[in-house]
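Since the structure comes first, as structure tokens, the remarks are kept for the end.
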Amino acid sequence: MQAKLTKKEFIEWLKTSEGKQYNADGWYGFQCFDYANAGWKALFGLLLKGVGAKDIPFANNFDGLATVYQNTPDFLAQPGDMVVFGSNYGAGYGHVAWVIEATLDYIIVYEQNWLGGGWTDGVQQPGSGWEKVTRRQHAYDFPMWFIRPNFKSETAPRSVQSPTQASKKETAKPQPKAVELKIIKDVVKGYDLPKRGSNPNFIVIHNDAGSKGATAEAYRNGLVNAPLSRLEAGIAHSYVSGNTVWQALDESQVGWHTANQIGNKYGYGIEVCQSMGADNATFLKNEQATFQECARLLKKWGLPANRNTIRLHNEFTSTSCPHRSSVLHTGFDPVTRGLLPEDKRLQLKDYFIKQIRAYMDGKIPVATVSNDSSASSNTVKPVASAWKRNKYGTYYMEESARFTNGNQPITVRKVGPFLSCPVGYQFQPGGYCDYTEVMLQDGHVWVGYTWEGQRYYLPIRTWNGSAPPNQILGDLWGEIS
């Protein structure tokens, strides 16, 4: 059911209500609930249920009428929202008001009986008092709920049979576009590697074992003038991160990237950068740019994408590389479990080939991950090399994602990820936070986030105390997205 008023019309109704008094039920004077009912009646012709204001979100069926939001640290109210304060207001009955303005720091409302002057004559029916609808600013609080009405559309929908309807035309859906790669050819100068005498026969895809800061540009800065002694430790043809490709060697040159004569002489090595330090989303983007560059090169050389032209480092020597790609796309971690089995190797190669073929055909593929991996969040199964440990014994890693609480309140801590630290507040069911850090400490997995300048630490599941990557975790107390 859509409201009888548009949002703009209801805002005007709220503005005209300032200075007036409302007693919608005819009892106990001009209560805050009466003013909420007056607005609800203007919108839907209905009255709300509940003994006190705090009952409104739970005693009413808002299906089709409104959406109920529970306050979270980064929730932003909107004009026209009904805001419900919990039982710590109104002598246990709560409080309710209508939002007219809002920022992330405060709300400005129209409200009645905030000062308790809505019923002062002692007469139960109808009752009277001096307090009128007033405009006032409040801080967000916990718990607090916001009820957002389904306002009438600003422009009423027209019947499909109306003669004023324009003829429908087929509109082409916008097609996704490939990232425009920034290819920087700046061949290493410290040593002139030998020529192979022909185009490469295949591409070897690597994971670089680099930190978050190990971007293509960082490799360029560190290797372009490196001496022979450094290049002998390994040099691939290209390094890829974001939309940047640093071409370190000419296509005609032999590379030193597989520790194998055939791989070095006939293969073109490409490093997917930041494989040890980047979050999954960043690494998957680096992969996609790598696939796009592979497609460009294969087309240039007149080669198809198949199992002969797309190779893995671990085909030429005993190595876990490409380790991060293996975890994401096969669910098998060669760093902790040993060499990648042949069936997993073929699974990974075929994924690479499918992605590259799509780029060769002018399509934009979608990155997919194995159900056995934890690509949506390292919180579930962290990559051991991404963890660090501080002087307090806390294991921690960078990660950016959203945690949404399940059906039980969680005590949030300040100062640090310890159960003995000061209590921040109660993180309510359905609330969410956008965190930037994951920690293992004091028998729990914690996420860290900042709200209004304060750093908070929220436990989201249990931890058995074992150091990563051998930790055993309990069930997640909500969802990660």
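Note that Cβ sites are derived from N, Cα and C of the backbone, with glycine treated the same way.
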Out of H206, H237, H444, Swiss-Prot lists as part of the Zn(2+) site with H313, C321 the residue H206
Discussion item. With contact taken as 3 or more Cβ pairs under 8 angstroms (pairs 6 or more apart in sequence), are the domain 'N-acetylmuramoyl-L-alanine amidase' (198-323) and the domain 'SH3b' (398-466) in contact?
Written reply: yes
Candidates C32, D34, H95, E111 (recorded positions); nearest Cα to H206 (Zn(2+) binding site) turns out to be H95
Here the Cα-Cα span from H313 (Zn(2+) binding site) to E111 (active site, for endopeptidase activity), rounded to a whole number of angstrom, reaches 67
E111 (active site, for endopeptidase activity), DSSP three-state class -> strand
Among C32, D34, H95, C321, i.e. the recorded positions, the one with its Cα nearest that of E111 (active site, for endopeptidase activity) is C32
Within the same chain, the residues at least 6 apart in sequence whose Cβ is under 8 angstroms from that of C321 (Zn(2+) binding site) are H206, N207, A209, L312, H313, N314
Residue counts for the domain 'Peptidase C51' (7-148) under DSSP, helix then strand then coil, are 34 helix, 34 strand, 74 coil
